[in-house]
Amino acid sequence: VPAHDISVSEDVEQLRKAFSGWGTNEGLIISILTHRNAQQRKRIRETYASTYNEDLLKSLDKELSNDFERLVRLWTLDPSERDAYLANEATKRWTKSNQVLVEIVCTRSAHDLLLAKQAYHKCYNKSIEEDVAYHTTGDFRKLLLPLVATYRYEGSEVNMTLAKTEAKLLHQKITDKYYNDDDLIRIISTRSKEQINATLNQYKNQFGKDINKDLKEDSKDEYLSLLRATIKCLTYPEKYFEKVLRLAINKTGTDEGALTRVVATRAEVDMKTIKEEYQRRNSVPLDKAIAKDTRGDYEDMLLALIGCGDA
């Protein structure tokens, strides 16, 4: 983002120019939008609507296509609207997309999650809890509903006595394979992230193993996979996102959906940490991995958003 104040009206004019004449000037769109923060993008969208009587997203939809269009759309949305949009998509699909819900509710701050829920009300005329409850069943619903409904304490205060007690309780439930136990879900879904970290450190100290290692009993069990993703999102989001990116890139055929989502949602949050984790884990810089696997405007936009583009 430029250090100097930007001219919103000039940005709006330039974007309109990018849509005019023969063909679209994708480079101009990338150079403007990838160098504006969420507040600036919101002002651009408001000014664009009042100047041209059309939502900027509509103009972008008309001019762009495929993965590039989706990346630009997600990036242009206000973060709370974006989370609402992704959550709504996820409630309508089964299994893997439940991980997207976990991602949203466990890696956002309590305040950001509240804003996403309010945006969901506004966009879809119902609550996210309502949709999660309707579209999920069994253990998935049992885990996801309290995660979505919670408003976690975000202070640094930790109760070590409680951490030791709850570490024992978690170990007992996991040893007995009561993975959907009410107390296990209560601890994961309501305790602050600091408290959960303290509890899981106690778990490792007392029993000599990470909790997620003990939850790998059945690697094909989708509920256990979701439970592991929940714990990782709450404790080490950078490790969670690194894995999502690694799996999206290092496979036959890129998972553009996952790549687009992670870059659009984390670029302004913790992309620097995710890039460091990616380099540490794969001995390859993230920008090199993305450049090897993507092409054209989509590649340019991704690289610009992770802070490695020329745009």
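Cβ coordinates are placed from backbone N, Cα and C, and glycine is handled just like the others.
As written in TrEMBL, here are the features:
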BINDING   Phe19, Gly21, Gly23, Glu63, Ile249, Lys251, Ala291, Asp293, Thr294, Glu299  Ca(2+) 1 binding site
BINDING   Gly253  Ca(2+) 2 binding site
Distance from Gly253 (Ca(2+) 2 binding site) back to Phe19 (Ca(2+) 1 binding site), taken between C-alpha atoms, in Å: 31
Among Ile249, Ala291, the one of these binding-site residues whose Cβ has the fewest neighbouring Cβ atoms within 10 Å: Ala291
Most Cβ neighbours inside 10 Å, all chains, among the binding-site residues Gly23, Gly253: Gly23
Distance from Gly253 (Ca(2+) 2 binding site) back to Ala291 (Ca(2+) 1 binding site), taken between C-alpha atoms, in Å: 14
For Thr294 (Ca(2+) 1 binding site), the number of other Cβ atoms found within 10 Å of its own Cβ: 20
Protein Cβ atoms within 10 Å of Phe19 (Ca(2+) 1 binding site), excluding its own: 18
